[in-house]
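**Q** Annotations per TrEMBL:
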- A:60-80: transmembrane segment (TRANSMEM)
- A:92-113: transmembrane segment (TRANSMEM)
- A:119-141: transmembrane segment (TRANSMEM)
- A:148-171: transmembrane segment (TRANSMEM)
- A:191-211: transmembrane segment (TRANSMEM)
- A:240-260: transmembrane segment (TRANSMEM)
- A:280-299: transmembrane segment (TRANSMEM)
- A:306-326: transmembrane segment (TRANSMEM)
Amino acid sequence: MRLFSSATRLLPAALALLFVVAIFHIGFGAKAIALGDIWQAIWAFDDRNFDHVVIRQMRLPRLLAAMTVGASLSVAGALMQGVTRNPLADPGLLGLLSGASFGVVVGAAVLGIDSDSLIPVFAVLGALAAALLVAAISFFAPGANSRAMLLLAGAAVSLFLAANVSALNLLNEEGFASFRVWLSGAITTDAAKMLPWCLPWCVIGLAVALFSARQVTALSMGHKTATGLGVDTKKLSLRLLFCVVSLTAASVALVGPLGFVGLVVPHATRLVVGSDYRHVIPFSALFGAIFLLIVDLVARTVLSPVEISTGVVTSLLGAPLFLVLIRRVL
Amino acid sequence: MKFLCLFALTAAVGISVVALAPAQAQETRIFVDGLGHEVEIPVKPKRIVSLRGEQFTAPLVEMGAPIVASVGDVVEGVNDGRPVIRGAYELFHTTFENSDIAFVGTTHQPDVEAIAALKPDLILVPDFAAENYSRYSVVAPTVVIKIWSNPARERYRRIADATGMLDAFERLANLYDFRLGEARHLIEEEGIDAQDIVVAVAEVNGKRLRVFKHYDAMTAVLSDLGFSRPEVVDGLNGERLDLSPEQLQSIDGDFLVSSYSERRFSGPSELRANWDNLIPGWDAFLHAPRHNQHILIPREIMRALSFRALEEVLAIYMSNIVTRKFVPFED
């Protein structure tokens, strides 16, 4: 089913929706701030005014982080679903979120790396190792390359890495305290600190994804068809692996592992724009950004003045949607 | 031959009776624990095993109770990597090496076989580990204590009651009450109305701004001295609240109190860095840090259930709040 006949006609509407949601994200929070102050905070920032600090140094970094992570995870999920031709593929179910988390925990908590610039690198290494492990298991195990085997391999690797993270937690509970909120997937104001180091990975990943969109459409029709259409599937797969790993790892380094975004948003996008990845990828990025902005707004305001973790909200929204998808797909 | 057999049998029975004598001779009573178990425990236990460091072992050490074993934890950079009894280590420098207390596993993974081998006559279990109650109660009379129940003094008293150490508890309590009385007297003498002084207890930990209504000695002593809390904290039903950083100014008051650890990730400099990361410029927007009225208290000492911890925190509050000039907060 496709709701819009022309995706290009939808683009201005999607951008306008993103703009409106971003305005709401900036305008609403646990602290009520007058519209005039919001305007001043943006155009005439005064660091002695706490309302200005809330807008510029707390809500704005969260806005950027939510948009970056929402777009990145959604595009990563869309690519994975296209390449594997598995509608249930996403960075969480295939072990990349756990791999990136494990990489960050090993780097920061075990090796004591405290340089912000190196955190995404450890996340990339962890996600890459997890992706290769899942690919190897699903390739060599009995029933190789089946949808179920890929998901089972992803689940096994995810559980294995999560167990390792738990073991590290038990070995050093105190040192681990600072990771607990992050491991639940939380967009916080201190995303500003990591944003400069994570944003380049995301921008490059998104650019490569957009550049490869036409070939992904061919690949989503099967390797033989793609080869027949002149696509070098091996090169493309490697490029997309880099793309998915960098998008996922940078997102994890920024806000921790956020589940369901990469699964639900691409499906919703396909419902709206069809299965041409020249449309799926840019619209997944847009809808992912919108989705996570709404999620973060809910997390910040629904129990105000208490904040709940963004990961809790994505799971609450994503789990039922995931069940609906399973019913449709399996 | 017959005589020899009879002699051997008599000797064996005699030895058994002598061996069992202390256990049989121990006077017992019924104690109702935190989960409502009616447990037959010795009136004066002689071999106590503690399954929580700062909540059980520390007060038992303070009271001089006959403790034979405790759980411990490996804490990075402490005690050369050997397990430490949290709270007892920091307050009394009691270690497994310098005391007769045996190590019986970690807080979250006690070793039941090691506990059984020590033949305890009482085991103290925190309520979060009560799911294994049946395993411990096979080894020895087992008492569950609710470790987050308040007030802390009542919790301490329950531990003293279960372990037959009420006399020591009363002695320590009287000493603390005496010091508290002296402190209150000084506050009166200085013409300070404690209720007018608003003290917030808050920390940034793991990317969260957490405010506390109850946090061991840190809040117990504030209540004992009669200081007030910010409204947002006063209205809390539970012990603590993860507050939106945007609501920072709702915890403003005369003083701000946070705890630190000398260990990696949570020392005083990391503590300030955590605040800065979550709320840039936070110390300019709160009265207390702006006027150097942000008090830092050592966490491991403060968290240990003991009168020693209360006395140390009392001394910190007296020198930082009562006996010096400070800039009052005007709402």
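Each Cβ is built from the backbone N, Cα and C atoms, and glycine gets one as well.
Heads up, TrEMBL stuff is auto-annotated, nobody curated it.
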**Q** Run the contact check on the transmembrane segment (A:306-326) against the transmembrane segment (A:119-141): 3 or more C-beta pairs under 8 Å, excluding pairs closer than 6 in sequence.
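**A** Since fewer than 3 Cβ pairs under 8 Å link them, the transmembrane segment (A:306-326) and the transmembrane segment (A:119-141) do not come into contact.
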**Q** State, in range form, which of A:60-80, A:92-113, A:119-141, A:191-211 has the highest count of Cβ pairs under 8 Å to the transmembrane segment (A:280-299).
**A** A:60-80
**Q** Check the transmembrane segment (A:60-80) against the transmembrane segment (A:191-211) for contact, please; criterion is three or more CB pairs under 8 Å, pairs 6 or more apart in sequence.
**A** yes
**Q** Could you name the stretch, out of A:119-141, A:191-211, A:240-260, with the greatest number of CB pairs under 8 A to the transmembrane segment (A:148-171)?
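**A** Result: A:119-141.
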**Q** Can you work out which residues elsewhere in the same chain, 6+ from the ends of the transmembrane segment (A:191-211), have a Cβ less than 8 Å from its Cβ atoms?
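**A** For the transmembrane segment (A:191-211), the list is 57, 61-62, 64-65, 68, 71-72, 75-76, 78-79, 116-117, 119-120, 124, 239-240, 242-244, 246-247, 249-251, 253-255, 281-282, 285.
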